[in-house]
Amino acid sequence: MMNRRHFIQISATSILALSANRFAMAKGKSDVDLRIVATTDVHSFLTDFDYYKDAPTDKFGFTRAASLIRQARAEVKNSVLVDNGDLIQGNPIADYQAAQGYKEGKSNPAIDCLNAMNYEVGTLGNHEFNYGLNYLADAIKQAKFPIVNSNVVKAGTEEPYFTPYVIQEKSVVDNQGKTHKLKIGYIGFVPPQIMVWDKANLQGKVETRDIVKTAQKYVPEMKKKGADIVVALAHTGPSDEPYQEGAENSAFYLADVPHIDAVIFGHSHRLFPNKEFAKSPNADIVNGTVKGIPESMAGYWANNISVVDLGLTEHKGKWIVTSGKAVLRPIYDIETKKALAKNDPEITALLKPVHEATRKYVSQPIGKATDNMYSYLALLQDDPTIQIVNQAQKAYVEKVAPSIAAMAGLPILSAGAPFKAGGRKNDPTGYTEVNKGKLTFRNAADLYLYPNTLVVVKATGEQLKEWLECSAGMFKQIDPTSDKPQSLIDWEGFRTYNFDVIDGVNYEYDLTKPARYDGECKLINPESHRVVNLTYQGKPVDPKAEFLIATNNYRAYGNKFPGTGDKHIVYASPDESRQILADYIKATSEKEGSVNPNADKNWRFVPITGNDKLDVRFETSPSEQAAKFIAEKAQYPMKQVGTDEIGFAVYQIDLSK
């Protein structure tokens, strides 16, 4: 039987004490075996087709995952199928659907797929809120299964905005062939930070609550109402850091909440169980458990499915979980580079109309480009994929600024970040690749991945410098005296989409200094300053001078980077950043014949000299196209020195120049 302490109630602070406890699964004989099959972070990657490259792929797609789902369920007598959110956004199929809306009986293709596969229940991810609450409500109505979320409440109340949980009665067959009724409770969670990320869509309508506290509130209620077991559908990532109220990544903390029997989690686009977590004090990657509780996270874009097997024994009229194990089943083997799953015929046929419509939608011509736009070097030097976005944002603001008093006469800058630059160092193919010549809406979607809107903030020169210091956390500190290999990019501690390049000013990064801020833009080295030679129009930036910075709603409302947050916002555009980019390409092409995306090289690294044996390395795409681009466009001498275990090409960069 599970060695687990059952509390009626635990306080928020006691979670720290409980974190030291390890719940161990006893290897007992089970009466009923129950399999939970799960998907997470599908992001409307429904087909095995890359719409950005207009080519098929065997590395992702729900059509392939569906065949693994059917296989996993066919192997056992008792199974349930659940989805963990971030379903309806993230792919050109989703963009096409959002552009069409639900008029004339049109339905959401992602929901259609889950309906066809007979999902039992789903939950919401943070990206479900990107298109607004009305669009989300229309999508939820189409689901033939309940969608649960417990920690989003109606503004100004504690009343759940969505159905917080459900308890479903399921007929199960025991190991002797006898049928029983098992009551399975499902509860859903989303990161509280949606109130920042989608503030424009949510403010005044909903509020969020802490994930762990919400679990402590509802799970005992679910047990009182008869739930034999409780499954948490937690759209939140893992963390071994001490629990803090309001944490974005709370999946591991849920293992401390009494009566939760399994946790399906996601959000961070990682894999669990996986060797990445081998050193986690909370995780058992052999059995797929956290503090004894089965937990699983199935990557992203339907590239994996979670399979969680629970053993249950009936004791005095109650079902008790006596064993649990979680594994992942990938659709593609990264090491052998072989597909492990075929397309499911039913789902493939279901998606054929929307697949063809999406290809047509993203193939709309919008203009021409004079040069290739690849993001292979976006973390190393000024980059064309960011340059063109910043050009578009700046041009847009230049049009609206004169009519808005708070903006008139101020210098206009623009901030952009690489959305596709190797993922979280988990995707060697995850780079923006837009060829010169004819451009289509597909290319605009590749250049600007998210359905953000443009927002303008007003910041001082001092805040501008600190903003760039936050971005400088992308890089590890370089020891100028060492002759050992040193990694340049801090993949583990920093997300590439937080590496803002600000156009309109010039600046340099001194990488021999420690980072002033960490990956969450928290001050860690107050005496360190990496940003040097910051100038505007050739003159040093005055710390007290005011600037307008065009950015996106995610960054502007986040209040994470200096110069952002409510008090700095002077203009919030109703237009999507991607559409602004497409319109800019179209208007410029019509006027000048094409757009010129060549980077203006407004930022660079301070040369590190005096050590001929300095060995600094970075990772990027292993493709021949990338190698050719690097040979032609690199601002620094670079040479490939190997390939890492994930498949990234490893380059050595000469930072003395």
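Note: Cβ is positioned from N, Cα and C throughout, glycine not excepted.
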Of Asp83, Asp86, Asp95, Asp309, which does Swiss-Prot put in the divalent metal cation 2 site with Asn126, His235, His267? Asp86
In Swiss-Prot, substrate binding by Tyr554, Arg555, Ala556, Tyr557, Gly558, Asn559 extends, among Tyr450, Tyr636, Tyr651, to Tyr450
If Swiss-Prot gives Asp41, His43, Asp86 as binding divalent metal cation 1, which of His269, His315, His355 does it give for that site as well? His269
Compile a sequence-ordered list of residues in the same chain as His269 (divalent metal cation 1 binding site), six or more apart from it, whose Cβ lies below 8 A from its Cβ; state 'none' when nothing qualifies. Asp41, Gly299, Tyr300, Gly423, Arg424, Asn426
If the divalent metal cation 2 site is taken as the center of the Cβ atoms of Asp86, Asn126, His235, His267, which further residues of that chain fall within 8 Å of it by their Cβ? Thr40, Asp41, Asn84, Gly85, Leu124, Gly125, His127, Glu128, Val190, Pro191, Thr236, Gly266
Rounded to the nearest angstrom, how far is the Cα of Asp86 (divalent metal cation 1 binding site) from the Cα of Asn126 (divalent metal cation 2 binding site)? 6
Tyr450 (substrate binding site) to His267 (divalent metal cation 2 binding site) - Cα separation in whole Å: 15
These are the binding-site residues: His43, His235, His267, Arg555. Which one scores highest on other Cβ atoms within 10 Å? His235
Using the recorded divalent metal cation 1 site (Asp41, His43, Asp86, His269) as reference, state which further residues of the same chain have their Cβ within 8 Å of the centre of those residues' Cβ atoms, listed in sequence order. Thr40, Val42, Gly90, Gly125, His127, Gly266, His267, Tyr300, Trp301
